[in-house]
Amino acid sequence: MKKLFLIIGAPGSGKTTDAELIAERNSDKIVHYSTGDLLRAEVASGSELGQTIKSYIDNGNLVPLEIVINTIKSAIEKAPKDIVLIDGFPRSVEQMKALDEMLKNTDDIELVSVIEVEVSEDVARERVLGRARGADDNVEVFNNRMKVFTEPLKDIQDFYSAQGKLIKINGERTIEEIVDEMEQVIKEKAGI
């Protein structure tokens with residue numbers, strides 16, 4: 001049985017870095033995938049599907065749902081470890097519902113917790129525009145990504161809160177503090 005943890009948060013919240021560090025510290029038990037990495041791997045393969053995905057990502061838009069869900073399900077099932085962290089998902093109510101549906105129809109994956117790394121919009125903007133990592137890191141695209149993140153957020157929080165699965169972590173502290181707390185939560189919930 002794969003134990004799934006979803007790590008959500010605004011662009012620039014640090015969710016990817018946090019999850020990467022936890023997986024590195026616990027490489028014998030935990031594996032981390034960024035939804036973006038899974039999709040970018042497909043893009044890098046140069047496949048027709050990859051080219052389709054690329055056009056969505058380049059414009060800061062969401063990749064079609066069926067593509068994302070199938071990519072995620074496949075990655076979890078093939079994961080070399082039993083505890084899987086995925087960051088950057090779900091990003092919409094539709095994604096959340098489709099993921100929920102997929103999990104209901106899959107016996108070998110259990111969603112344990114959804115961890116939200118909370119940061120203010122000002123902190124997120126400062127971090128993203130200060131890091132200039134790729135072509136999407138300009139103001140207009142940041143604003144689009146922020147809007148894409150915030151619009152469905154309350155519905156996503158409510159959905160997972162009702163299941164007792166939402167855990168919020170303050171993302172405006174040092175990376176050590178954030179990672180230590182998140183790691184503790186994951187280990188506790190996964191029973192390791």
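Using N, Cα and C of the backbone, Cβ positions are placed for all residues, glycine too.
Looking at 25-31, 88-94, 130-136, 158-164, the range tied to region 'LID' in Swiss-Prot is 130-136. Look at the binding-site residues Thr16, Thr17, Thr35 and count other Cβ atoms within 10 Å of each Cβ; Thr17 has the fewest. Taking every protein chain shown into account, Lys15, Arg91, Arg173 are the binding-site residues, and of these the Cβ with the most other Cβ atoms within 10 Å belongs to Lys15. Taking a C-beta cut-off of under 8 angstroms and a sequence separation of 6 or more, Phe89 (AMP binding site) has the following same-chain neighbours: Leu6, Ile8, Thr35, Val68, Ile72, Gln95, Leu99. Nearest Cα neighbour of Lys15 (ATP binding site) among the listed binding-site residues (Asn61, Val63, Arg91): Arg91.
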